[in-house]
């Protein structure tokens, strides 16, 4: 062992000895927990001393440092941190509920309000478009007014939008309500992860930020249950579905009236005493001097290094580490959407109908199964994030998602291969559209949104089938022919299908959807939000998260607005093969560019982006060393991820 390393070991051991002496003086009769803590430190010290005497390089120092780090990160975290995280994550719950509830509500709305494919896509994507705009604007809002004010505004928008949706009497009012809700979603989506990350201790940050995504998937699952429960109210069921979001929004609003601002934002704004008080409240019995000094010094150094001239986004783009972080953050959000997640969530009931599930209520309840899968496996992600790390979890998740998309596409290929042949071609009445009668198979007929499939059944075989125009006033019946009168044709054992073909392979779509969410939910669901809440320095955090959230919502709009038309032109299986291709490209991006941020302080992570972008995936290199100081109950000693001989 080098002389410098030996000196560092001795200094660290003296610090630990001082700590234990101080504990004994303050606590004459230590409890079991204190005794256990001292034993663990003594064990680490003895281990390190033996390694030192054996001349074991610098490994002893690293072992001692890691033991000390683990011990002092195990100080009790106050329950207040969890309360703050849960109330914050109600924004995620509303995000999930308002994006998930439309899946079931759309099946009732399109019948009651006679919505064509364009209006269905508008009601889904208008929320997403508004979210994109407000997410981009949310960066400035967070920077000027703070995280707390932004969350309060989002809660108010959720409440107002839900009230408008519940009272809507036409599709235009519905569109307005969806726009208002979208504004709330956008602000919440970029603010909540940042707020949770800034109030969380480093050893819990990944899990607490992932709780936000857990609440998003919980909101989607709850929305699917509400959809199923109110699907039996054919007339006004959708009003209850869309209006119930006001309840958690009101709870969050009043809860946040009593919750604090982010201490990091307060320090940035010069409100240091208030920041110290809040940070102390968040850390309980842990000392906050080093964390407070680290945040304060980091802000001062960043202001000197980057300067304050010009818009923050321009400063981010001109400063290489933040530019690289922005590329990684925006790339993760883009590939999350291009892998098709919100097509799956927004249109899950419609996809199940496309695969051959005939009954609306059955499709809605089956969609709730997929939402429950999403929720449960997001819980798995909460457990894995601090064990496996962000990088491995994200890569493995997207790899499985790619395979699941291929399986989903193959399910639709099977259904297309056994698509019933059209055997009866009626003559169109004078002046009526005859385009639908030109199709030869049910699958071709279903790809045309203006057509439906009219048929009889002989046991399990489709007979006397025809493709005829759908009634524009109601998709429950045809514009003309045998299926023109819904009441009449049902008494004659004639069946009408719109958006689906009779098939024995409808189960493959449900299997594909479940497999997709099993792989997507633990990693690609929460990790883009978790990583983005960590990788930017404080001066760029609001703007960086606003940009990445905006990218997420922009690609969300592109995917959700085009899904039905993409399925029409590329076929259903073609659309899912396309998403699988995008996911495969995302794998290359994650492998080359995503660094590991597990266990690092927010103020340390910037150094991960000091190197060239596509080498940052190899985060174990010796480049970009950093030194960390922690206070051990009044005594300072250094912790380094590198050999102590590297530290001057």
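In case you wondered, yes, glycine gets a Cβ from its N, Cα and C as well.
The structure displayed is predicted, hence computed values, not measured ones.
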Stretch carrying transmembrane segment according to Swiss-Prot (options 105-125, 126-146, 273-293): 126-146
Swiss-Prot annotation of transmembrane segment - which of the ranges 77-97, 434-454, 455-475 it falls on: 77-97
Residue 172 vs residue 236, membrane side identical per Swiss-Prot: yes
Of the residues 18, 48, 548, 640, the one that Swiss-Prot lists under phosphoserine: 640
In three-state DSSP terms, the structure that residue 458 (N-linked glycosylation site) belongs to: strand
Whole-number Å value for how far residue 433 (N-linked glycosylation site) lies from residue 485 (N-linked glycosylation site) (Cα to Cα): 18
Rounded to the nearest Å - Cα separation of residue 458 (N-linked glycosylation site) and residue 433 (N-linked glycosylation site): 29
Segment-level pLDDT (mean, integer) for the topological domain 'Extracellular' (346-363): 69
Least surrounded among the glycosylation sites, given as 433, 458, 485, when other CB atoms within 10 Å are counted: 458
Dominant neighbour of the transmembrane segment (179-199) in 126-146, 149-169, 325-345, 364-384, 574-594, by Cβ pairs under 8 Å: 126-146
